[in-house]
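Report on the structure given below.
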């Protein structure tokens with residue numbers, strides 16, 4: 001069991017399964033609900 005998803009992990013934009021702190025689910029393409037966890041730019 002993993003509580004959060006790391007960089008490069010597959011994610012769903014509208015999902016309870018979220019990327020780790022400092023990461024976000026970057027869409028594969030605009031309007032997609034699927035993506036990959038990527039580092040946030042602050």
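Don't overthink the numbers, they just go from 1 along the chain as shown.
Any Cβ shown, glycine's included, is placed from N, Cα and C.
Among the features that Swiss-Prot reports, disulfide bond is placed at 4-20 (among others), with the record citing experimental evidence. Residue 20 (disulfide bond) is surrounded by 15 other CB atoms, counting those within 10 A of its CB over all protein chains shown.
Same-chain residues at least 6 positions away in sequence with a Cβ under 8 Å from that of residue 11 (disulfide bond) are, in sequence order, 5, 17, 18, 19, 25, 34, 35, 36, 37. For the recorded site, residue 11 (disulfide bond), the DSSP three-state label reads strand. Swiss-Prot lists 11-25 (among others) with the feature disulfide bond.
Residues or ranges marked as disulfide bond in Swiss-Prot (evidence: experimental evidence): 19-37 (among others). A strand conformation is recorded for residue 37 (disulfide bond) in the three-state DSSP classification.
Around residue 4 (disulfide bond), the C-beta neighbours below 8 angstroms that are at least 6 residues distant in the chain are 18, 19, 20, 21.
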